[in-house]
């Protein structure tokens, strides 16, 4: 009995240590991709994206090593109330050498408090830098609703018929506002903070296994006292989003309609841009005097329409499928807008629960508002893959791939004598435009991808 009593303090200490370790356990999440590739005509792997398109079909078409490393921990919990601290550091290099130095991007650092407001059970208040309720198309790595950045908000307020979320975030533009001495001659330049105010109502039941989410985003350039935006710069804008999600075939289909105005049209995802639409240059006079000018250059006043349908479904025990179809029209007052449509599929055949073959076929077509010319590209990738599971979403995955792309481009981006971005008809020389002309290429390689 004496021996048993002596062992008791040690057992209590060990148990306390285990419980303490569990309470202090750190969550480790993240994403990464890396690989090696070659181009048929020689050299390292090339990647293919149509000029004017805001994304590309990514399977066998990613030329960088990218990683997001997330560390988080629930630092306090009492009943159903809790605080969670979350961080995210991202890295990107060109995967050309063993040692590639890079400056990491500190993308997330926030605290989320759940059930802290007694009269709003189930809600979460938060503050800090955060990936906030992002909506994307995975197969083209396209974020169509993403206001991520430093901010604060409250989310998942239960209204009975749906859940309400409110947030404010910021994205700053370099050199967006000026102090002027006279007309367009400026003395100083200052970065401009663009604020975004976001309202979302989610979980609206519309039909069996179908839900609707509605959102309104207002973005504005918030200048410091004594500074103002150059003439022609967009000052604010709106974006409206409606997204219907249908659960089907062990997956989902999302149908999205979006409309944006002015400062919200450039990125088209809920973040304002346009305060830096007026660039600057310096003129040096014969006596050595330097005069700084603010150009009345680009503004994004106008509107954007987007209609998008995408999803991922299972077509039986052996087949899975990802797909996307999108039409987007940016109509700007300065005629520098684009009309872009894209369609693509990625079927997956599963030989075993951990081995599969994927085929990705994607097509992009982009029309210049100014010239009326079109750029088009199609890209085909065949990949053999080994993955941790039998789903098209299963990761980690190791794949070997071969990619073929063909394009015919009639216009490209250039700047005229006033440093204004314009479009021009493509030339074979590639000197007067940035168009890729009419050509094709193929690549091959291997890649790993993981999220956890």
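In case you wondered, yes, glycine gets a Cβ from its N, Cα and C as well.
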| Would you say Swiss-Prot puts residue 45 and residue 390 in the same topological domain with respect to the membrane? | no
| From 373-388, 421-436, the residue range that Swiss-Prot assigns the feature transmembrane segment | 373-388
| said: Looking at 51-58, 123-130, 131-138, which stretch does Swiss-Prot describe as transmembrane segment? | reply: 123-130
| said: At a C-beta cut-off of under 8 Å, are there same-chain residues at least 6 beyond the transmembrane segment (251-263) that contact it? List them, or none. | reply: 135, 144-145, 194, 219-221, 234-245, 272-275, 300-314, 320
| field | Between residue 47 (disulfide bond) and residue 143 (site 'Important in sugar transport'): CA-CA distance (Å) | value | 19
| query | Which listed range (27-35, 149-159, 162-173, 192-205, 373-388) shows the maximal number of Cβ pairs under 8 Å with respect to the transmembrane segment (123-130)? | reply | 149-159
| request: Quickly jot the same-chain residues contacting the transmembrane segment (162-173) by Cβ under 8 Å, restricted to those at least six beyond its ends, or write none. | output: 132-133, 147-156, 191-204, 221, 271-273, 275-276
| Tell me which residues of the chain lie with their Cβ under 8 angstroms from that of residue 47 (disulfide bond), as long as they are six or more apart in sequence? | 56, 61, 62, 63, 443
| request: Six or more residues out from either end of the topological domain 'Extracellular' (131-148), which same-chain residues have a Cβ under 8 Å from its Cβ atoms? | output: 54-59, 88, 107-108, 155, 165, 167, 169, 196, 198, 200, 215, 217, 241, 243, 256, 258, 268-271, 306, 308, 310, 312, 322-324, 326, 342, 344, 346, 360, 362
